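Below you'll find the structure, written out as structure tokens, and then a few comments.
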Amino acid sequence: MDFFSTHNILIHIPIGAGGYDLSWIEAVGTIAGLLCIWLASLEKISNYFFGLVNVTLFAIIFFQIQLYASLLLQLFFFAANIYGWYAWSRQTKDNQAELKIRWLPLPKAMAWLAICVIAIGLMTRYIDPVFAVLTRVAVAIMQMLGLQVTMPVLQPDAFPFWDSCMMVLSIVAMILMTRKYVENWLLWVIINVISVVIFALQGVYAMSLEYLILTFIAVNGSRLWINSARERGSRALSR
């Protein structure tokens, strides 16, 4: 059976109601995601290779299960991984990494906070129509490319506020990571904790366990990057 098919099951995980069928593509994509976050916590540029594998495979998964809005968001994360790889690779004349781990200056931190609050508020109010528009855009693009896809039936979001938080904070965290700002890890901790709870409430315990592992990696990443920023003389909320 095709490796890229979500019906090619690697293992049945006997947890939750009815268990969870883990496909090969999801397993490889998940492992790539875990490696990406772990290597990023160690400030290794190679994290972006695994990040690209992760978003590519999950884009394929989202295509198969008709989550076209989520597929479209993977294009952003793909581009962000490409940019992050480039930004982290840049060197000074002394062959040192041009970007250093540091905290956001207070004005930038406040600006990002305002952006997050406003974006989460708007998304919470309009998440269903926003995802409907994103889905229509994705379907139109795929149809122009010759793919035989139709507009899926969309269900109202069960957790509009929390899903909005995860989407907005994930985008902001990815942007901050490409610029090596410590705050990206604090956001990932928040995102992962929310994900653990949401998936547990939905009975998808395998995904909840995955995000629990990601939470521990993000907490360790926060510790490592805070120490690294301190060694370079960078302080949180400094002007």
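Cβ coordinates come from backbone N, Cα and C, glycine included.
As the structure is a computational prediction, the values presented were derived from the model and not from experiment.
Some features that Swiss-Prot has for this protein:
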type	residues	note
BINDING	W188, N192	beta-nicotinamide D-riboside binding site
TOPO_DOM	1-21	topological domain 'Cytoplasmic'
TOPO_DOM	43-48	topological domain 'Periplasmic'
TOPO_DOM	90-109	topological domain 'Periplasmic'
TOPO_DOM	128-157	topological domain 'Cytoplasmic'
TOPO_DOM	178-183	topological domain 'Periplasmic'
TOPO_DOM	207-239	topological domain 'Cytoplasmic'
TRANSMEM	22-42	transmembrane segment
TRANSMEM	49-68	transmembrane segment
TRANSMEM	72-89	transmembrane segment
TRANSMEM	110-127	transmembrane segment
TRANSMEM	158-177	transmembrane segment
TRANSMEM	184-206	transmembrane segment
Review point. Which stretch, 22-42, 49-68, 110-127, tops the Cβ pairs under 8 Å count with the transmembrane segment (184-206)?
Key: 22-42
**Study point:** Whole-number mean of pLDDT values that fall within the topological domain 'Cytoplasmic' (128-157)
**Key:** 91
Point to revise | Cβ-Cβ distance under 8 Å to N192 (beta-nicotinamide D-riboside binding site), same chain, at least six residues away | key: Y211, L212, L214, T215, A218
**Study point:** Spatial neighbours of the topological domain 'Cytoplasmic' (1-21) far in sequence, C-beta under 8 Å, 6+ residues away
**Key:** 27, 57, 60-61, 64-65, 203-207, 209
Check your understanding: Who are the long-range neighbours of the transmembrane segment (22-42) in its own chain, taking Cβ under 8 Å and residues 6 or more past its ends?
Key -> 3-13, 48, 50-51, 53-54, 57-58, 60-61, 177, 185, 188, 206, 210, 213-214, 217-218, 220-221, 224-225
**Study point:** Structural state census, the topological domain 'Cytoplasmic' (128-157) (DSSP three-state)
**Key:** 17 helix, 0 strand, 13 coil
Revision key, fill the gap. Contact set of the topological domain 'Cytoplasmic' (128-157) with the rest of its chain, CB cutoff 8 A exclusive, min separation 6+ beyond the ends, reads 66, 68-69, 71-73, 163
Review point. Near W188 (beta-nicotinamide D-riboside binding site), which residues of its own chain have a C-beta under 8 A away, given they sit six or more steps off in sequence?
Key: I37, A173, L214, A218, G221
Revision key, fill the gap. Residue counts for the topological domain 'Cytoplasmic' (1-21) under DSSP, helix then strand then coil, are 0 helix, 7 strand, 14 coil
